[in-house]
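Enquirer: One structure coming up, written as C-alpha cells, with questions to follow.
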C-alpha cells in the first residue's frame, strides 16, 4: 500500500517536471532541470548518508569528475552517449577504490575526509593543465538542436537518471543490502557481529552514492558547454545535497526528492529576490533544520501538528470570551 | 564426542600488556563451559580473540577443524561462532523482530529478508519475546534486552555460542529464567562458553570450568575439582568462599 503511494507520488512529480517543455518557458525548464539534477544527486547521497548513516561530503568530487571525464572523453572523439556512460563508469570505479580507504574513518573524521576529497580532486584537476585545461577550463562540444530542444533533451536525460536512482533506492531499501546498511547506521559493531560484511556494504553504498552523481555531472557538462574546476568541484554543491536530503528526511525513499524540490524552489525565490543575501539564507535554513526538523519534512507528525492547530483555533474564541 | 574449538598457545598483547598469555584448551561439541576469573583477567579479550574482533598476537584458533586465527568478526558470525556482549548491543531504532532478523539474514545465511523475518519470529518465541516483536529495541528493559541478544545470536544458527556475562544486572528470578533458557539452548546442540561472575550460576550450569588469571589459564576441569584448586582459591574465590561452597556442596 505504502509502496504504491511512493510510486504514485513520485510518478506524478516526475510527470509534472517532464511536462514543463510543453507548457512553460525556458526559465521554468531551467528550474525543472535543476530540480531533476539535484533530486538525482540527493537520492544518490541518501544511499550513504541516509541508509548507512555516513555523513559524506564527496558529492561535488563525483559530480566534478563526471563533468571532466565526460568532457575529456568527448573531446577525444568518443560519441556523446558513450562518453556519458564512460564518465559514469569512471566515477563508480573511483568511488569504489576511494571508499575502501576512506570508509575506515567514522563520524566526524569521515565527514572531514570526504570533504577533503572534493578539494583534492579540484586541485588535481586545476593543476593537470595538459589534460584538463587547468584553471582555464574546458570547452565541451555543444549539444545539437535549438535551445528548446537542447533543454528538453537535458531534462529528459536528467529525469531518466533520477528514475533509475529512485528505483535503485527502492530496491536497496527492501533488499538484504539495505537491511545491512540500516544495521550499520544503527550500530556498526553489532552489525559486524551478526555477520554483516560492513566494509564491503559501505563500499557498495558509497559507490551507489557516486555513480549517479558522475552521470549527472557528465550530462551537465554537455548542457552548459564549458566547465572549470571551481564550478565543477564546488564546496557549495557538496553541502547543498546533504541539506536537501535532511530537509526531506534522510533514510526515507521520497525524502530526498521532496527535499531537493523544496530546496531548489526556495533557492530560486531567494536568489531572485535577495541577490546579496541568498547564502545567508541558506545558512539560516541549515540552522533551522538542525534545531527544528532534525528528521526532515517527511517525519513531521502532521496529524499531531494539525490537531494542535485545530485545538488552538477552537480555544481561541473561548479565550476571547474570557478576556472580554 | 568431537572437538569443536581448540586454542593453541594463544596470546594477545596490547603494547607491553599481555592481556592473554599462552592459553591452550580444547572444547567438545555440546559442552557448557564456564569461564571465570577476576576482573581484568582477560576473559572478554579471549572471547574477542575467538570471534575475530581482535587479531591474535600469536597462536592458533581452530574451529570445527579449520584454522580461523585470521578471521574477521563477520566471518566468525557466518561460520557459526556467535556471541553476546557484556554491554548489550541492539540496533536501537529497529524493532525487536528486525534485530533478530538481522542475525538470521547475515549470520544465519537465510536467503531473503522475508525468510529472515520468519525465522526471527521463531527465535523470539523460543526466548519468550514474541509479545514485544514490534516494539523498538531501545524500549526494552535490561532483562529483555539480554534475551534479545540471545535471540539475535540464536538466529545466526550458531554451533558455538559465547555468552559474555548474560546475567550481569539481573535479579535472582530473572537469572533463573536466563539459566533455563541457556539450558534449552544447549539442548539444541549448541556448545556454550559462558563468562560469569556468580559462582553459584557457574557451578550449577557448567560441565567444565576454565579459570583465567592475569591472562593465563591457571586451572581447568570439572567444577568441583576447580574450586578446590589452591591456585584458584588464591587468585579468585578467596578461602572463605571456597570453604562455604564446599560445605554447601556436602549438604546437597
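Note: Cβ is positioned from N, Cα and C throughout, glycine not excepted.
Small disclaimer: the values here were computed from a predicted structure and weren't measured.
Below, the features straight out of TrEMBL:
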type	residues	note
TRANSMEM	A:6-24	transmembrane segment
TRANSMEM	A:54-73	transmembrane segment
TRANSMEM	A:80-103	transmembrane segment
TRANSMEM	A:109-131	transmembrane segment
TRANSMEM	A:152-172	transmembrane segment
TRANSMEM	A:203-227	transmembrane segment
TRANSMEM	A:239-265	transmembrane segment
TRANSMEM	A:277-298	transmembrane segment
Enquirer: What stretch in A:54-73, A:152-172, A:203-227, A:239-265, A:277-298 has the biggest tally of Cβ pairs under 8 Å against the transmembrane segment (A:109-131)?
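Expert: The stretch with the most close Cβ contacts to the transmembrane segment (A:109-131) is A:54-73.
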Enquirer: The transmembrane segment (A:239-265) and the transmembrane segment (A:54-73): do they have three or more Cβ pairs under 8 Å, with pairs 6 or more apart in sequence?
Expert: yes
Enquirer: Taking the transmembrane segment (A:203-227) as the reference, which of A:6-24, A:80-103, A:152-172 gives the largest number of Cβ pairs under 8 angstroms?
Expert: A:80-103
Enquirer: Quick test of the contact rule: Cβ under 8 Å, at least six residues beyond the ends. What residues does that give for the transmembrane segment (A:6-24)?
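Expert: Counting only partners 6 or more residues beyond its ends, the transmembrane segment (A:6-24) has Cβ contacts under 8 Å with 32, 35-36, 148, 151-152, 155-156, 159, 162-163, 166, 170, 253-254, 257, 261.
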Enquirer: Quick test of the contact rule: Cβ under 8 Å, at least six residues beyond the ends. What residues does that give for the transmembrane segment (A:152-172)?
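Expert: Long-range Cβ neighbours of the transmembrane segment (A:152-172): 3, 6, 10, 14, 17-18, 20-21, 29, 32-33, 36-37, 39-40, 43-44, 46-47, 51, 84, 143, 145, 178, 181, 208, 212, 215-216, 219, 222-223, 253, 256-257.
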